[in-house]
Amino acid sequence: MAPPDVRVPRALPTVLAVSTVLAGLGARPFLPDDVAGPVGDALYAVLLVWLVALVAPAVRPATAAALALLVATAVELSHLTDVPATVLDRFPLARYALGTTFSAADVLWYALGAALAGAVLALVRPRAAVVDEALRHVRERRRPRARWVAAVLVPLAVLGAVGAAGVGVERALRLEADDLSAQVVAAGSELADAEDKVADPATRTALSDALDAATALLAGRPVLDRGPGDAAAAGDRLEQAAATVHASRRTFATEQIGAQRETVAPVRRRAEHILAATDRLADAGTAAGDAARTALRDAVGTADEAVSATAADRLDAMALDELEDAAPDLSARRDDVDRATTALMVAQDAVSCPEDDQRWWPRGGRLDDDELAPIPWAPEHEIRADLVDGLVALDEAYRAEFGVHLTVNSAYRSYDQQLAVHDPRDPNPLAAPPGCSNHGLGTAVDLSMGPGSFDGAPYLWLQEHAGEFGWQHPGWAGPAGRLPEPWHWESVETPTEY
Ligand SMILES: [Zn+2]
């Protein structure tokens, strides 16, 4: 009597294994992620059962299922160590065998897959341990029909699996291409938006290169030029390059904010000076109207808000568009303060200084001691320290011509000194009101012209040569000017406009 035939022919698990792989590949793109994961896990265990049957054709189905579950669980548990990550780093394709992360729930799906495959194996496995002659005859009679069924069903299953795999791969490629097309559009607008807005222009070049590569890939033929995963990889590169551009835009916007905040500070200080000066005048009842002062206070308040809204510790929480709007906003708020300050100065000038050629300067007559220096040959008089060298050079040239120093009668005048020489009752006062004279800025000197005044040699010589040393005679003090004063000379650095 022949030994009972309990071996599974090797061809069967081979065909089943290939079909399982193809069916898995084919089904993947049609399944939502939360279904594809468990199905993939189950098929993985199914595949392991077929492989066990292939290696050990005589194995019992229950043993094969148990072995498959053991292997799948061991692989899953290995994710608790660094080993799979190291392997995946070097061989990315190994993820199909190893998976990528640990999940206890996966083991349940392995168990289900292994159980199903074990059951199938038990059904297709030739009946074992049948010793009864009669039954043997019955089984032998059945065999031709079993072969016929196998001859039809197995090729059908294989064809179905191959077809499913083909359709699945085609659909997967199309989905990947659709995703990449959308990423190309998004990256294209990121590239355009980022023009002149990145700290490092190389990041835009890299994004442009990634875009070119993605566009070329999309233009290629599916399967031949673009295999599974190619578009996804190109999309990943595109996203990475876009993220780098995005980060560089944040860096750039942050730098712009820092630069603009620095420009606000001096403009704000000037506004505070003007406000403080008009406060003093308000005490004396000679300040400009409230409207200009209120407008400046409001502008300063708004600028302060913009500055505190862009404090370094608040930038991280800001969205990119907020971040990019902040620098132009700071610049606009600073310009508002600048304009409102000038408007207040003009308003105060109109109240304080009656003549067009006079300008109201809040610091007029209020310079600090260290901003002034005595005139060397007339030390009882002071002018702005940085103008002394030019006046000394002018005096040396004058002395070479006339043999004597320039005679200085007046130079810097403090606010109180100006108050003393200004006579508001005089309809044509020789001294300007306090705050309106450039003597108060330390940029003017009154020099004796001797007899002859406008026609005398000293005046004529100075008219010809003073400019070489940075000094001039202003139009209003000329022979035909508002107030002919041959003695009044001032530095070309005397400010005339706000
Ligand atoms: Zn003068």
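Backbone N, Cα and C atoms are what each Cβ position is placed from, and that goes for glycine too.
Any TrEMBL annotation is an automated prediction that lacks curation.
Features of the protein shown, as given by TrEMBL:
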{"type": "DOMAIN", "residues": "381-490", "note": "domain 'D-alanyl-D-alanine carboxypeptidase-like core'"}
{"type": "TRANSMEM", "residues": "42-59", "note": "transmembrane segment"}
{"type": "TRANSMEM", "residues": "66-87", "note": "transmembrane segment"}
{"type": "TRANSMEM", "residues": "107-125", "note": "transmembrane segment"}
{"type": "TRANSMEM", "residues": "146-169", "note": "transmembrane segment"}
Using Cβ atoms and a strict cutoff of less than 8 Å, what residues sit near the transmembrane segment (66-87) while being 6 or more residues removed from its termini? 41, 44-46, 48-49, 51-52, 59, 94, 97-103, 106-107, 110-111, 113-114, 117-118
Secondary structure split (DSSP) over the domain 'D-alanyl-D-alanine carboxypeptidase-like core' (381-490) reads 44 helix, 16 strand, 50 coil
To what whole number does the mean pLDDT across the domain 'D-alanyl-D-alanine carboxypeptidase-like core' (381-490) round? 93
